[in-house]
Structures are given as structure tokens and as C-alpha cells.
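**Q** Residues or ranges marked as signal peptide in TrEMBL: 1-17. According to TrEMBL, the transmembrane segment annotation covers 44-65, 116-134, 146-165, 198-215, 227-248, 335-364, 376-395, 407-430, 451-474, 494-519.
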């Protein structure tokens, strides 16, 4: 998916922004006014994703604050009034109890919100305040922060890598990671997950890549940037996987050893003659399991390392339950916990900056916001996002995060990516787009780009979109609801009203595309908002960002510092539906 979708679409969005010098709204209106809804749809998807993505940062803050304790608060079960461990904790695990009960205080179902959890509401407020101060002046402020959020995780990963590969069981974890399961390739959800992961890791379809590309110098080699970032993306994923599986292997071997110790104890009590020098040998244990029928009646766990390694773990469970449990078993556990959650915060904030830039830059393009300062626009977006985000810090907040993750992003992103491919290759024209890249970089795109852009990409995205719709139609969506009595999550079908909400979220993310098309196709001028003239304005340019802003420093200033005939003189006049749009170079006339 990275080779066939991620890299080609990454270059498409980056090159469009760099060539047309517009944000997401302006770019698609230039290609064709009927496509103006694409920019709005990208913004809505980015906004919906940003709403719940900041909640993940919130959870990381909560865990970080609790990491400054020794022992870690999720390392033991709390005691009840009788001095015994809380039943819910003993039924689950210490880390699962801390996550579901202490951190989230989760409700038993999505139907029972049980009010806002004040500690999480405060952490959410802190998250949005930090995001605001980073994004309040756009790339002028966020561009500097990215140096830290991009480089710090590599330092922490390297520390974890050195520690992880020295742990007992690291080899088993890496062997499990590298062992292929070819039958998984027949599962359409694997491909859907891969596509979604590529879109998220590259920020494809959110509009932010187009906005960032528009800040590049007109002669920047965007193809080189794309290839370098793609290699870094893939290498980082593999590097992080090595660290994660090494530590998960350590945890799995520890769990296996405890399981064997438990079984050996039961066998020794029942058959003391097998015990030699106070313990049961590994060989005697294996022979007993293989040849003794009595093993079925002793309550043995039947320890199997491969089965433990194959336990399905993903998402929040991987981070806040499994990985925290592995950290508890490391020497100097608080130190590793602090490092781990600082790394997650850096990664989360870095991703949130990119996502929110797609929202803020588009809002800033709208005509009615022309006189506003960037700080005010950013503040308005963050305040609205925080108020809506309070939904995610209720008792059913984690369920809502999964609802938004399932319905608001995946299908919408795939649909937007499909329309982007068709619009650029068959409306804007692949020859014109290739010439644009030739003009910017000095090199004509080769066969790989042409084949993936024109044929492989659109076909593959179409197949994924159809598969996604079919999968959701036949497989009724469900979620894991926490059962306090059993101490585990149980797969529970969504109630009908949640499916309706999910459908509305999925529809909302792509609704602007047909709406804008119909408004402009049938000339409903009075209903058509004046967004087609959107311009990204860069106020108060600083010395540190001057090199990225060589065309227009402030709205209304036509000082073009780079001599580029097409860029300097290129004013595109489009006459369509008896309307004329004049779009200047980073300016509006």
C-alpha cells in the first residue's frame, strides 16, 4: 500500500500545493470549480480525526503524570475496605484495571455516559492549550516545534532498542514479528487497515500536505522530498516494530515462565514422586503434558509460548495495558514509563499539528475570515474542538473514540483519495501535471509514477472502497464493552442509534463534495459561499520563515521575490457557468 498508494498520492498533494500556491480550497477550485467540495471534505475529515486524536494525547498526559511514582500505580491492585485486592482488579490484571477503572472510569456500555471525568477533562484542556500555542501562528510556530517532535522519539526509540534487545525473550518476539502469515493477505480488513495506516502516517486526504506544500519554494524538488520521507517512514515503522516486538517478546516469555511455574506447582502437589531436588524438571513437565491423561483434570493452563505471542493486541490495549505491563517488569520502571509516554506525546503532538494545519489553513481561506488574525482563528478552532471533545472524557468516552475512528475517517479518506486521483490525472491532466513537476524539479516523472497515478492507484482505491462498503454491510459493527464482574472486554453489537450516528459521521465527511458540485453545476449562486477565492495568508513573517515565504509575505502584498515567469505572471482566468474566477499568485483580485 505504501508503494502503490502512499508514495504516489503523497507526491500528488505536495506537488499541487507547491505548484498552485494555494491551500486545499484553492487548489481544487483551480482544477475545476465543481471540485471545490473536495477541500471542504478534507477539512471535515481532518477536524473529526483531530477531535478524537487529541484525546489519545490526553491519555498519554494522564499516564505521564502518574509515572512519577515508585512503584508505578498500575503495578499493584488497590485494596478494598477489608484489606483484600479489589475484585475487579483480580479478575482482570493490574494494568487493565488501572486503564479501565482508574484512568477512564469506564461505563459498562456506550448507552451509559456516566458524566464527565474531571481529571481527564483537565488533561484534555492541557492538550488543547499546548496544541494551540504550537499552531497559533501556523507554520511560523509549528515548524520549529516539529524539530523536537520528530527527533525526540528517535532518541527514545534508540534507548528502548538498546534495552529491548538485551532482555530475555527479545529473540522470541523478533522471530514472531518476522514469521509471515500469508493467509492474512486474503483478509480484506488487513488491506483496509494498511491503506488507512498509510493515509494517516502520510496525512493524505487531510488537506494539510497541500497546505504545507504551498509554503515550499517554487523550484523545490518535491519528488526528492517524497522519496526521502517515504524511506524514512518505512524505516521508522520497521525500527519501531523491532523495539515493540522485542519488549513484547520479553513480556510473553515472562508470562510463559509464570504459567509453567504455576503448572509445575500443581503437578508437584499431585505427583510428588516426579519432583527432583525440590522442583520439576522441564523434561518431566513436557513428558507429563504429553503422556499423562491426569493433566486434563488438574486445571493446568497448558502453557504455549506461540499462543501467548499470538494474542491479538492493538490500539489502546497495546499502549496502555500490554506495554505498561512490560514496563512494570523492567528495572527502574518509572524511568522507562516517563520516557515512553514522553515519546508518545511527541509523536501525538507532531501528528496533531499536521492534522490541525489542514483545518486551520482551510478555515483561514474562507472569505468571511479575511480580517481575522491567525491566532484568533486557531483559538476558535481549539475552543470548539475542546468543547466537542468533552464527549470523549465521559464514562463512555473510549467507546466514542472507537466510533469516530471507525466511521469518521477510513471510508471518507479512501473516497477523497479516489477523487483526488481522478481529478488530477483526468481533469487537470496527467500530462500537464507531469510538466508542472518537470518545471519545478527539472525531471519528468518516470513510468512508476505514471502507472501508479493513472491506473494502479485509482483501481486499487476503488477496490478498497467497494470492499470497505461490503464489509460494513455484511459484518455488523461491534465494540468491546468493559465487563467489571468478569474483568475483561466483551464483544458487543452497537445499538441502532450508534449505527445511525456512525452513518451521519461517514456521510458528513464526504457530503460537501456532491453539495458543492450541485450548487455550481446548476448555478445556485445565492447559496454558493464565496470560498472559491480562498487564499492562504501569512501574517507577520519572521526571519526564520522568510526563506519559505519568498512570494507573498502578507495579504495584499504583491512583492514577488522569485523570478519565475509562469509563477509571477500566471493569473488563471476560468470562465465556467457564466462566472469568471480570477485567481492570482497568492493574492486575490
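The backbone N, Cα and C atoms fix where each Cβ goes, glycine too.
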**Q** Is the signal peptide (1-17) packed against any residues at least 6 beyond its ends, judged by a Cβ distance under 8 Å, and which are they?
**A** 23, 27, 191, 194-195, 197-199, 201-202, 204-205, 209-216, 222-223, 225-227, 229-230, 233-234, 417, 420-421, 424, 433, 436-437, 440, 449, 452-453, 456-457, 460-461
**Q** Determine which residues of the chain contact the transmembrane segment (494-519) at the Cβ level, with the cut-off under 8 Å and only residues 6 or more beyond its ends counted.
**A** 34-38, 40-41, 44-45, 48, 110-111, 403-404, 406-409, 411-412, 415-416, 419, 476-479, 527-528
**Q** Which of 146-165, 198-215, 227-248, 335-364, 451-474 has the most Cβ pairs closer than 8 Å to the transmembrane segment (116-134)?
**A** 335-364
**Q** The transmembrane segment (451-474): which same-chain residues, six or more beyond its ends, come within Cβ distance under 8 Å?
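**A** Distal contacts: 3-5, 7-9, 12, 188-189, 191-192, 195, 410-411, 414-415, 417-418, 421-422, 424-425, 430, 433, 445.
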**Q** Establish whether the number of Cβ pairs under 8 Å between the transmembrane segment (227-248) and the transmembrane segment (146-165) reaches at least three, counting only pairs separated by 6 or more residues.
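**A** As far as Cβ distances go (cut-off 8 Å, pairs 6 or more apart), the transmembrane segment (227-248) and the transmembrane segment (146-165) touch.
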**Q** Checking distant contacts: for the transmembrane segment (335-364), what same-chain residues at least six beyond its ends satisfy Cβ-Cβ under 8 A?
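**A** Answer is 23-25, 39-40, 42-43, 46-47, 49-50, 53-54, 56-57, 60-61, 63-64, 67-68, 72, 130-131, 134-135, 138-139, 142, 145-146, 148-150, 152-153, 156-157, 159-160, 163, 200, 203, 206-212, 319, 323-324, 327, 372, 374, 377-378, 380-381, 534, 536-537.
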**Q** Which sequence-distant residues neighbour the transmembrane segment (376-395)? Criterion: at least 6 residues beyond either end, Cβ under 8 Å.
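**A** Non-local partners: 47, 50-52, 54-55, 58, 104-107, 112-117, 120-121, 124-125, 128-129, 131-132, 135-138, 356, 359-360, 363-364, 369, 401.
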